[in-house]
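The Mn(2+) binding site annotation in TrEMBL covers H159, D182, H184, D186, D273, D275. As annotated by TrEMBL, compositional bias 'Pro residues' applies to 12-24. Look at TrEMBL and you will find 1-45 tagged as region 'Disordered'.
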Amino acid sequence: MSSDPSATPAHDPTPAPDPAPTPGPTTAGAARVETGGRLGPVDSSLTPRYAGAATFALLPRIDEVERADILVVGAPFDAGVSYRPGARFGPAHVREASRLLRPYNPAQDAEPFALAQVADAGDIAINPFDLGEAVAQVEAAARALGAGGSRLMTIGGDHTIALPLLRAVAAQHGPVAVVHFDAHLDTWDTYFGAPITHGTPFRRASEEGLLDLGACVHVGTRGPLYGRVDLDDDTRLGFQRITSDQIEQNGLAAGIRRMLDRVGDRPVYISVDIDVLDPAHAPGTGTPEAGGLTSRELLAMLRSFAGRHVVGADVVEVSPAYDHAQLTGIAASHVAYELVTVMAGARS
């Protein structure tokens, strides 16, 4: 080797390292759609829908907005079920399925997230072992979240949660009309001596004076009962019934007219047990019954509340362990989306 410092150095075959890539944005800082000063969902043209944390419809969290007209809140609780469990996992399942929802709702010709500030309030912390405390926790959370005027779209959870939610709504609005979409009446008295279960919320609500008894209706009921007395009790408690058979025989439009006539212009709370759908459309639920509504029929009935005074809503009884290909989660996410759209355009 030459010791001459001016000699040409030997070629080094090792390639130079590539420059470090410029870090891209993470989903934590994903751009959001903003319309009229309202913060909307993550912009899916910039961030894939499947990326990031699953808030409902990829909407902002409650801590990202100053105030919200509508709050989507999860109630992960299923200690009130009488058959198949698992609805405690419903909120996460529905949020995951809601990733595909978009800002414009063509069926209602509305942009709900531009009409109202909608945010995800996360899940209520609920005691899974003490039913009485759990009911109190749901009521307290609903009262606190609604104290500033926000209306709640609650994702359950089993149908037990309807009772504390109605207590909170009635404290603000007085007795309300209830439209209850369900295969079952949920006006039974007790199960194994227990007065508060997923089969009793509307009986307790009626007895507590939470309901406008001239304006309550079940929609989509069907299946076997314990006896004729179930229907007699249900009528005495203030409910009319529009069965799935009546919708089939008389037509969807007739069912919608009867439902809306029953409610009138009263403040109305809408409660949707996903088992109102036929198991072909919603297999992932705790107490399925054959002969239910199609998802198309249910969504059409929910859209008919546009312009009505909807003060709150829930969708319950989604049990992911029994779901297939997200059928039930997708159906429930669209139920919540249509209800949010209705509330976004409703008078407060």
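Cβ atoms are placed via backbone N, Cα and C, with glycine included.
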For Mn(2+), residues beyond H159, D182, H184, D186, D273, D275 with C-beta within 8 angstroms of the site's Cβ centre include exactly H180, A183, L185, H198, G199, V276, T287, V316, E317
Most isolated by CB count within 10 A, of the binding-site residues H159, H184, is H184
Simplified DSSP label at D275 (Mn(2+) binding site) comes out helix
Long-range Cβ list for D186 (Mn(2+) binding site), cut-off under 8 Å, min separation 6+ in sequence, same chain only, gives H159, A162, H180, H198, G199, T200, P201, F202, R203, D273
Within 10 A of the CB of D275 (Mn(2+) binding site), the number of other CB atoms across every chain shown is 29
Simplified DSSP label at H159 (Mn(2+) binding site) comes out helix
Cβ atoms other than its own within 10 Å of the Cβ of D182 (Mn(2+) binding site), all chains, total 25
Excluding its own, the Cβ atoms lying within 10 Å of the Cβ of D273 (Mn(2+) binding site) add up to 27
